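A quick write-up on the structure given underneath.
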Amino acid sequence: MPMQEPQRRLLDPFNSTRTGTPHLKLSANQTGPWCLHVSIPDGLFLSLGLVSLVENVLVVISIAKNRNLHSPMYYFICCLALSDLLVSVSIVLETTLILVLEAGALATRVTVVQQLDNVIDVLICGSMVSSLCFLGAIAVDRYISIFYALRYHSIVTLPRARWAIVAIWVASISSSTLFVAYYNHTAVLLCLVTFFLATLALMAVLYVHMLARAHQHAQAIAQLHKRQHLVHQGFRLKGAATLTILLGIFFLCWGPFFLYLTLIVLCPKHPTCSCFFKNLNLFLALIIFNSIVDPLIYAFRSQELRMTLKEVLLCSW
């Protein structure tokens, strides 16, 4: 079903916040004086992208440098870093292109600008999809390592991991290309929102199950050492905090953007929804922030990777 306004392109509001042709065409009467619009300065946007770029490049270099990290788990982490890198770079690239065009420093044809916009949109959408896929892949990998520890190396082999990585990248690029081609259909947005909810549900179920298994192990150890109450209390607090941080950051950083897509389908012209649409830049900034946080959660907690990172930094100096 063809989509109504406001949806010419998924990231058009991102462009229109800086151009003179507003995509949403919101008037004061539509949004009301109570509407809260959080403005994200271009400098902050570019700074977040630069931090994400440097951080994720260091993760990729560290994993590539250390042969001890050439395992399925670290391959998934490396691909997550690469996806996060592309998310940040593509969004920042579009921001930079808009600023350059606004300043009149780049004179080019409309068709060329449209082609550049298509390429950047494919990068943005593809990197977002691949980032979500690799977050799910890391959760599955950790689940297998805990519940099938003795068979882990026979289940998660390097060839299978490589095929999974190739499949994720191919699916991400293909889906993003289809999205750009059929951006004006509600089915596209519904597929993206469904994919996000499925990834969130998968991660929640797997990590909660892993937390329950770890709790059982802690209970058994506590009974052996006769320190059951203290160990249980400490483990519950630490495990709950870790799970809350892991899923909480994922939901807070990605949730607003996919809520934005959902509201475009459900209430494209409602005043409350129209007010929400005006904050797309904030939602994109949260996604870039997630690209900064991901290495701290998934990569830098590894002592081996931290040691390699120190070597990389020392060599660069």
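Glycine is treated like the rest: Cβ placed from N, Cα and C.
Taken from Swiss-Prot as is:
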TOPO_DOM  1-37  topological domain 'Extracellular'
CARBOHYD  N15  N-linked glycosylation site
CARBOHYD  N29  N-linked glycosylation site
TRANSMEM  38-63  transmembrane segment
TOPO_DOM  64-72  topological domain 'Cytoplasmic'
TRANSMEM  73-93  transmembrane segment
TOPO_DOM  94-118  topological domain 'Extracellular'
TRANSMEM  119-140  transmembrane segment
TOPO_DOM  141-163  topological domain 'Cytoplasmic'
TRANSMEM  164-183  transmembrane segment
TOPO_DOM  184-191  topological domain 'Extracellular'
TRANSMEM  192-211  transmembrane segment
TOPO_DOM  212-240  topological domain 'Cytoplasmic'
TRANSMEM  241-266  transmembrane segment
TOPO_DOM  267-279  topological domain 'Extracellular'
TRANSMEM  280-300  transmembrane segment
TOPO_DOM  301-317  topological domain 'Cytoplasmic'
LIPID     C315  S-palmitoyl cysteine
Which stretch from 38-63, 73-93, 119-140, 164-183, 241-266 shares the most C-beta pairs under 8 Å with the transmembrane segment (280-300)?
38-63
Residues from the same chain, set at least six apart from the ends of the topological domain 'Cytoplasmic' (141-163), whose C-beta lies under 8 A from its own
71-73, 75-76, 206, 209-210, 213-214
The recorded stretch from 38-63, 119-140, 164-183 sharing the largest number of CB pairs under 8 A with the transmembrane segment (192-211) is 119-140
For the transmembrane segment (38-63), give me same-chain residues lying six or more residues beyond its boundaries with a C-beta closer than 8 angstroms to one of its C-beta atoms, as numbers and ranges.
18, 69-70, 74-75, 77-78, 81-82, 84-85, 87-89, 91-92, 95-96, 99, 279, 281-282, 284-285, 288-289, 291-292, 294-295, 299-300, 305, 308-309, 312-313
On average, what pLDDT score does this prediction assign to the topological domain 'Extracellular' (94-118)?
73
For the transmembrane segment (119-140), sequence-distant contacts whose Cβ falls under 8 Å of one of its Cβ atoms, 6 or more beyond its ends:
9-11, 73, 76-77, 79-80, 83-84, 86-87, 89-91, 93-94, 97, 164, 168-169, 171-173, 175-177, 179-180, 192, 195-196, 199, 202-203, 206-207, 250, 254, 287, 291, 294, 298
Can you name the residues of this chain that are 6 or more positions from C315 (S-palmitoyl cysteine) yet have a C-beta less than 8 Å from its C-beta?
none
Counting by DSSP secondary structure, give me helix, strand and coil numbers for the topological domain 'Cytoplasmic' (64-72).
6 helix, 0 strand, 3 coil
Helix, strand and coil counts within the topological domain 'Extracellular' (184-191) (DSSP):
6 helix, 1 strand, 1 coil
Once DSSP output is merged into helix, strand and coil, the residue listed as 'S-palmitoyl cysteine' belongs to helix
Using a Cβ-Cβ cut-off of under 8 Å, list the residues of the same chain that are 6+ residues beyond the ends of the topological domain 'Cytoplasmic' (64-72) and lie near it.
78, 141, 156-158, 160-161, 302, 304-305, 308, 311-312
